[in-house]
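See structure below.
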């Protein structure tokens, strides 16, 4: 009695153990009915991949989940706290100005083109233009060579890269397989089956199989399969004393774990890490497109503003020239001048009118270009009138500080750094492929047999009749030449990516220095233009007074002609100076925008809240995203002697065999995120 109780207890323990194993394979592995389990599993693998990447990095990252998709492009916000305290009209007028915009209240130097806009005109600020451009579409529009085109990278590319990340996470999903088959055999008499064996001439077979297989992050595969072969056997007219029909049940639990090649979390989670880095690269690409769009809209806005001021200046001058023509005609009637003097006055008027028509054409072209960029219909809402005033404040630039800001914010630089991270992962995977295939295999099988399916399953569940198999398999190509060559190629690509980053960083420093110099001289040019305008205004006032109140005539000379010529020159000088003031000021404002774009901080400069900004959502760049050699930030990844020897090995200039050099460098490289 005690023996039967002990046997029943042991069977119960085996059944519970078997049930627990099946639950671990089915539920924890991802075979579930709720998305939250899939989400938790993906989070676990992302965390596992990140922890694996940290093994090759000394820098602590901020933990994060799977990057949220940058679905929204938030509009620009009020850029200056002072604007909030101003009146509603001032907010509407000045909200589009940059944070550094300061107005001195003296607009007498620059003719404003936005006075009392008629009902057929639509006032638009820089803020509104940027907001309209960003809210219209997920495809940015930029200016290239004076032509408005769509950006190469769109928001949909970011979504596509996120889909590829989800596909990479599916590499560890559980796979379910099932099969059902039924066979009927009717062989002729005396069919040969084997020496001394009789084969049933007729028999029926059937089986249903089902199994779950789960890839593991360490490279192994665990599976649980119900796989009887066959599960049902019936021999018509059989005289055997055994079961007829016969039901077979079989449950196999197996494990295959690589020990060398394809073993370890870093190798198996590398595709997930690469997909995550590619998502960040795509997000940086799209941010670059957004900044190009913001820069293009800003440039088109200031071009429109300059064209409006130029047209307004000529509108002021043309009535004066018409009045001079009238005075000259009256003087001709009084025989004070000749017909040639009247023709000269008319020629001056027609020259200004011709220039006025050309400026109107440029104004229309500037307006159409701005409409194209912000995706407004060519004639929707009336004529656009730019109302945001450019800033007069002098801003001091610090190229050295801007350089370090560009290293973390400029898309092309960060993409190079991310590319180095991808190349390092490639080196890790390729080095692992140089190892032989050494796999550990284990199989535990439970068997059952009965005259019906229930009896067969009951016997199998007792776990009394089991098979156990343990083994190790080895396979490798002799010489490993292909794997060695692939690893060498990965190392060359790593060095190439590192050198490209160094060159990019070198170019960034010069671009920022040149841009800062351009801003400095643009402001000096603007100050000289202001002084020129002040002098031209004084000249116009004096020439007008002298023309209207001439001195007594001396001799037979016409006293009006020299005074009129001087008045013409003064008008021309004043008109050109007024336009030059606006031109240099808008150039100064645009160069500031260009400088912020070179730093990669243009969106923050205009307080544009891009929810998918990789500066806010992505992880801090890993240390292994730095170049292999030293760079101005002074992050040394390798000692100089090791790097020189490694470079020589890559270039094939060293006398040491590659595998020997690899063994010598491995202890130090593994601590620096290369191996």
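Using N, Cα and C of the backbone, Cβ positions are placed for all residues, glycine too.
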- Note on the structure: Ranges in play 622-648, 649-675, with TrEMBL marking region 'Disordered' at 649-675
- Query: What range among 258-285, 286-313, 314-341, 342-369 does TrEMBL describe as coiled coil?
  - Reply: 342-369
- Item | Matching range for TrEMBL feature annotation, region 'Disordered', among 81-123, 124-166 | 81-123
- Item | Close approaches to the coiled coil (342-369) from elsewhere in its chain (Cβ under 8 angstroms; 6 or more beyond its ends) | 143, 148, 300, 303-304, 306-308, 310-311, 314-315, 317-318, 321-322, 324-325, 328-329, 332, 378, 383-384, 564, 568
